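According to TrEMBL:
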type     : residues : note
COMPBIAS : 35-44    : compositional bias 'Acidic residues'
COMPBIAS : 46-59    : compositional bias 'Basic and acidic residues'
DOMAIN   : 77-104   : domain 'C2H2-type'
DOMAIN   : 105-132  : domain 'C2H2-type'
DOMAIN   : 133-160  : domain 'C2H2-type'
DOMAIN   : 161-188  : domain 'C2H2-type'
DOMAIN   : 189-216  : domain 'C2H2-type'
DOMAIN   : 217-244  : domain 'C2H2-type'
DOMAIN   : 245-272  : domain 'C2H2-type'
DOMAIN   : 274-301  : domain 'C2H2-type'
DOMAIN   : 303-324  : domain 'C2H2-type'
REGION   : 24-81    : region 'Disordered'
Amino acid sequence: MRLQMVTSYLVAYTTPEAVSTTRMLTHSTTSVACEEGEEEETEDLINTRETPDSHDDSGKSSSGKPDPATPKPTRRHQCSHCGKSFPWLRALKQHKKKHSGEKPYRCSQCGMTFTWAGSLWGHKRIHSGEKPYHCSHCGKSFRKLGDLKAHERTHTGEKPYQCSQCGKSFSHSGSLKDHERRHRQEKPYQCSLCGKSFITLGNLKQHKRTHTGEKPYQCSQCGKSFSHSGSLKDHERRHRQEKPYQCSLCGKSFIKLGALNRHERTHTGGDKTYHCSLCEKSFNRLRLLNKHERIHTQEEKTYRCSLCGKTFSQAEDLKAHERIERLCSDLCF
């Protein structure tokens, strides 16, 4: 009976109807707002939200408020892979799927598979266009509750997640985890096609699309497709002529946060914050540093033109080349 309750809760958490109930059951929502962080967000829901016995009123006082003397559930179920503990067995079993790579939930429209049911529900909203979570500050809508929570912090300026090594703060836990991996120089996600490793799962998935050519994110206005959601969001802002990122020094606005960051460096004298560890040359963009480092490593050119077979070490160089190839082809024929 308890297992049935837990399963229904996992599905319910991904529906807007469950939002009010969820907020009463927890003081905070752990969310990941990275491009494809549904699975981390869902695991946090499994780990931190309602336990099987949470509808029992025995832990409440006569006033209906929680009794402070009532102990919280003990985290007695520990993962043998990573040591993470959970208050109930069902949550541990769900978590272990992350290690095993098991993805039993398949999208009937595109075939994409997921570790958790909640991730599938969130993904389906990409196809339906449904955005049930609305920002009370600006009215903007979101597909996932976690995305709304992360967005709301752009209004409040709240950054509750702090790095224990350097003190830098972040607005959501996923960014902190990625940042901490940079301190450790850890790249746990490896491409099975070319062997290249990445700090985040989202970056790996995005990279794999350079091999497959997959572009699952389509603009509803003009039909143009993109390989990752961030590019689609930037593209949609161009349709709306929206520039949400404003420079605090001169007031100039930008479509992309990266463009704002680059612009702000012009006020500070063009600080070159990215340093090559091999020759001490510095750059003001991470992309330029990565491109430069390939000179030292003689990294294999992994991006191949499907029209002529020419290879490139940078995805953007391949894209520029292919545009020229297509243009020449159109002119010649």
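Note: Cβ is positioned from N, Cα and C throughout, glycine not excepted.
Because TrEMBL annotations are produced automatically, they should be read as predictions rather than curated entries.
Per DSSP, the secondary structure of the domain 'C2H2-type' (217-244) breaks down as 12 helix, 4 strand, 12 coil. Secondary structure of the domain 'C2H2-type' (133-160), assigned with DSSP and counted as helix (H, G, I), strand (E, B) and coil, comes to 12 helix, 4 strand, 12 coil. Per DSSP, the domain 'C2H2-type' (105-132) is made up of 12 helix, 4 strand, 12 coil. Here the domain 'C2H2-type' (245-272) returns a mean pLDDT of 79 for the predicted model. Helix, strand and coil content of the domain 'C2H2-type' (303-324), in residues and according to DSSP, is 10 helix, 4 strand, 8 coil.
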